[in-house]
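Notes for the one structure printed next.
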Amino acid sequence: MQHRKELQARTRDQLQTLELSTSLYDTAWVAMVPLRGSRQHPCFPQCVEWILQNQQDDGSWGTRGFGVAVTRDVLSSTLACVLALKRWNVGQEHIRRGLDFIGRNFSIAMDEQIAAPVGFNITFPGMLSLAMGMDLEFPVRQTDVDRLLHLREIELEREAGDHSYGRKAYMAYVTEGLGNLLEWDEIMMFQRKNGSFFNCPSTTAATLVNHYNDKALQYLNCLVSKFGSAVPTVYPLNIYCQLSWVDALEKMGISQYFVSEIKSILDTTYVSWLERDEEIMLDITTCAMAFRLLRMNGYHVSSVELSPVAEASSFRESLQGYLNDKKSLIELYKASKVSKSENESILDSIGSWSGSLLKESVCSNGVKKAPIFEEMKYALKFPFYTTLDRLDHKRNIERFDAKDSQMLKTEYLLPHANQDILALAVEDFSSSQSIYQDELNYLECWVKDEKLDQLPFARQKLTYCYLSAAATIFPRELSEARIAWAKNGVLTTVVDDFFDLGGSKEELENLIALVEKWDGHQEEFYSEQVRIVFSAIYTTVNQLGAKASALQGRDVTKHLTEIWLCLMRSMMTEAEWQRTKYVPTMEEYMANAVVSFALGPIVLPTLYFVGPKLQEDVVRDHEYNELFRLMSTCGRLLNDSQGFERESLEGKLNSVSLLVHHSGGSISIDEAKMKAQKSIDTSRRNLLRLVLGEQGAVPRPCKQLFWKMCKIVHMFYSRTDGFSSPKEMVSAVNAVVKEPLKLKVSDPYGSILSGN
């Protein structure tokens, strides 16, 4: 417990003081800016001094762990630092050692298999050309130097015929590799309100080296004042970094420990969103992430702000599109999925083209296992509304890289990637898993005590029911909610099977009559099966009702019995339809089906266990009923689509067969399934709008339960009739409840595996 509190405290501190990693490359370019009115002196001598103090023993400038191979990034940073020192004629020994390092590793610059900073084939040869103009000599063959210089010529020739906005942005972004080849007005069109070019210190500094500009100098002055003698590779980056923190905390399953901090970050981001802050609006990745996180946390944000990238052609015209930036593609695709209305055509369009580009990238990537491609495949296969929280948490924890970095002109570490967040997530998941195991053991005993395992007609689905509880209502303190959810899930499965397979007409009528009377001393059981089913429901509902009533400060047991009675009456209606061969209209079927799908006894009682007090007028409110209807509609139609063939063989009607029947043969089965899918999409979007809305009688934690169940039915029925497939969910159950975490080892230092 103490260790967990320490980890939380350190993480809070890190949230408050976001630290950006130092960029030697950008610092070197800032060091090259001359003093206004005296081009023989540096404007930022402290940066020059920092370069002198931070050369590595091997002559390089760059951050590398022991035994880690030299990268093109390190070569680029080293050459930039050499140029900065030569520009002011200081550090002759440093320059010599730097040139020797470059000479020893020059082949790496020409190795296309090694990851390169953005624009490397322009910036590195450009710096080589600048170095030779300063009479610097490299201990390498001239043919190798010429080969690299030729690379720049080839790239510039290839780009010459491209007059797109994206190409112009790219050329301006890598201006330090172009010298005077770029016209001043071609650069100026990309200057931001803060004076920078692309929020990039090296681009801004390189521009100042060739053309004086007051606003650009003010930006660099501000930068050096804030960071001292060494600058980051992007600034400002506050919004992106803070949103990345929020995203990471949610993905790792520990956001519940930082509720106030997350709210503060999102409140601030929302203000920036409303003000159309350039830090958000001019960066596609940040804009898409802000939209997704703000919307999913209940803030009102319009998808209109994403209209500049509504079409693939618009994305390709941007700098990120020109660079084929996978991260921005993923974020756009994720953002497109949080649609709350059929009228958000912008999101539909973004989802269509970004999904196509992601699929193309995944296919062309082949069998490579790079993390970014794994993330792309996962995003395509599992939209957020088909995933279970705890399964996602485990996957993200096991794949978390505490040395995670991104590559722009140089590599930089992401502030949220650190051992503390990983250690906290590991501790939380592992301790929660221990609780889940105890709860599952208790439930297994409960099934036997209630003799539910003695019913030959009933599917034994306890582990699935408990999975849906533990994987979504995951915080440790919500044990009573998980138990209620799982018990009622088991009981609804038993009752469903009893009405479908196990019970005669007389038995079903007897069971309903018993629930109507709700008398524990009743002895008028038509059969032993009825006795077991009723006794289990009666005992469980009364026990849960007593606990819920104590929490709510009023008696809610009657409401719980009403829920069960509604379910059984709807199931009896379906049984009568089947017995009499009655074919209902689609409207009749769906009005009954949203109840008979049996989510009511699972979700509605659990609302009483998640915190808020619900007055009786809330559970009678239109919003409450609409949340239930939309959730159940998704579940019923998903189940009908996947179970159509099986149910047809059993002689059962469902929405798909009814659509075909009532069309008079004008639509096919596939067309009926497509129509059902459209209704699913509409219901899911409308449900999300209600869940995220600030207005209404139902408290947000309670609304979230309806959404959690919607995700569960999407996960269970999105590809197969999962609840009827014995092997489909086994690995998911084991992952959440039984199997311990298997952490990756990203480096030989700081691993927390030994402590797990």
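Just so you know, glycine gets a Cβ as well, placed from its N, Cα and C.
According to Swiss-Prot, the Mg(2+) 1 binding site annotation covers ASP496, ASP500. Under the DSSP three-state reduction, ASP496 (Mg(2+) 1 binding site) is assigned to helix.
What Swiss-Prot lists as Mg(2+) 2 binding site is ASP496, ASP500, and the listing cites similarity to another entry.
According to Swiss-Prot, the motif 'DDXXD motif' annotation covers 496-500.
What Swiss-Prot lists as Mg(2+) 3 binding site is ASN639, GLU647. According to DSSP, ASN639 (Mg(2+) 3 binding site) is assigned to a helical segment. Around ASN639 (Mg(2+) 3 binding site), taking its Cβ as the centre, 22 other Cβ atoms fall within 10 Å, counting all chains.
The list of residues near the motif 'DDXXD motif' (496-500) in space but at least 6 beyond its ends in sequence, with Cβ under 8 angstroms from a Cβ of it, reads 455, 457-459, 507-508, 511, 529, 533, 568, 571-572, 574-575, 598. Across the fold, the C-alpha of GLU647 (Mg(2+) 3 binding site) and the C-alpha of ASP496 (Mg(2+) 1 binding site) stand 14 Å from each other. Distance from the CA of ASN639 (Mg(2+) 3 binding site) to the CA of ASP496 (Mg(2+) 1 binding site) is 14 Å. Across the fold, the C-alpha of ASN639 (Mg(2+) 3 binding site) and the C-alpha of ASP500 (Mg(2+) 1 binding site) stand 15 Å from each other. A sphere of 10 angstroms centred on the C-beta of GLU647 (Mg(2+) 3 binding site) encloses 17 other C-beta atoms. Mean predicted confidence for the motif 'DDXXD motif' (496-500): the pLDDT average there is 94. Ranked by Cβ neighbours within 10 A across all protein chains shown, the binding-site residues ASP496, ASP500 are led by ASP496.
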